[in-house]
Amino acid sequence: MTQAPVNVTVTGAAGQIGYALLFRIASGQLLGQDVPVKLRLLEIPQAVKAAEGTAMELEDGAFPLLAGTDIFDDPKQAFEGTNIALLVGARPRSKGMERGDLLEANGGIFKPQGEAINAGAADDIKVLVVGNPANTNALIARSHAPDVPADRFTAMTRLDHNRALAQLAKKLGVPVTELKKVAIWGNHSATQYPSVQHAEFGGKAIADAVDQAWLENDFIPTVAKRGAAIIEARGLSSAASAASAAIDHVYTWVNGTPAGDWTSAAVASDGSYGVPEGLISSFPVTAENGQYKIVQGLEIDDFSRARIDASVAELVEERDTVQKLGLI
Ligand code: NAD
Ligand code: LMR
C-alpha cells in the first residue's frame, strides 16, 4: 500500500447507520479497493464508549485497507485534516416537537460542525449530510463554512433514488441495471418527487410502459413515504439501506457516473429549473472529475413542474425558518 490513507470522518458513529456504515468503509467500498482509509469518529460524550466498542470490532475485522480509527467528542478535532465527512448524527424528532424546534436543535449540531470543517478540513473536503432534515442541515453546515466551495456540501437523496429503482425494477420485471435516468427532485421528505419523466429501461421510455395512475397513486407515494413505512415495520428508521446509499453517494462522487446515465443527489442549486440559488435540493446529477453537476436542459412537463415546485416550497420554508432562528 503506497498511497497515504484518506481521512474519513463519520459523525453519529455509535448510532445504527454508523454501525452499518463503518465496516463497509473499512472494507474499501466507499472509495475503492486500492484506497486505504483512516476513520475519525465523532460522537457526543455519552456515546463515546459505545463508539469505542465499534472501534474494537473494526480492529477485529483486520481490514487490510483500514489504517486506524480515532474517536473524538470535539468536532474541531474530528474534522482536522479530513477529506470526506459523513454527517450522520442528528437530533431525532421527539414527541410533541414542532418542525421549527427540530430545525433549531439540529442547528446546534450542524453549525459547529460547519465551523470545524471550515477551520480544519483538507482542501479537497467532500461533505455528505445524512442526518435529518438532511437538506437543511447541509445548508446550515455550509453557511458556517464560507471558505469551502459551496458544491462540497451535499445531502443524501440516493436512498430515495435507490428505492425508486427498486420499485420500478419490480413493476417492469427487469433488473435495476436496465434502468436509466430516474430522478429524485426536491427535499428528502414526503414531498420529494421521484420522476420517471426522462427514465428509460432497455432503451424504452418508462413513462410509456406504466400508467399515470400507478405513478401517482402507487410509485410516488411508495418511494416518498418509504422511510415512514420502514419505521412502522422495524420500529427503527432505515439503517443498512441508508448506509448503503451513503456508500453509493460518495463512491459515485469520487469515481463518476456511467455514460448515458445520471443519479440523484441534493446539491447547492445554481438556479436551474427554477430552484432558488443556494438551496440544497435534489436534482438529477452526473459526477465527473470528483464533482457533482446538475443535469442541464431537461424539459419539465406540467405534472413534474407542480411536484418539483411543491417540494422546493418546503425547502424554502425550512430555509426561512433557520434564517429567522439565526442559524444561517
Ligand atoms: P441513531 O439515533 O441510531 O444514531 C445517531 C447517533 O448520532 C447517536 O449515536 C448520537 O449519539 C449521535 N449524535 C447526536 N448528536 C451528535 C453530535 N452532535 N455529534 C456527533 N454525534 C451525534 O440514528 P441513525 O438511525 O443512525 O440515523 C441518523 C440520522 O440519519 C437520523 O437523523 C435519521 O433520520 C437520518 N436518516 C437519513 C436518511 C436519508 O436518506 N437522508 C435515511 C435514514 C436515516
Ligand atoms: C428514511 O428515509 O428512511 C429516513 O430519512 C426516515 C427518517 O425519518 O429517519
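Cβ coordinates come from backbone N, Cα and C, glycine included.
Binding site for NAD(+) per TrEMBL: G12, A13, A14, G15, Q16, I17, G18, Q113, V130, G131, N132, plus N106 from the candidate set N83, N106. Here the C-alpha separation of R99 (substrate binding site) and H188 (active site, proton acceptor) works out to 14 Å. For R93 (substrate binding site), the same-chain residues that are 6 or more apart in sequence and have a Cβ closer than 8 Å to its Cβ are L102. With respect to their backbone Cα atoms, R163 (substrate binding site) and G18 (NAD(+) binding site) stand 20 Å from each other. For the domain 'Lactate/malate dehydrogenase N-terminal' (7-146), DSSP puts the residue distribution at 63 helix, 26 strand, 51 coil.
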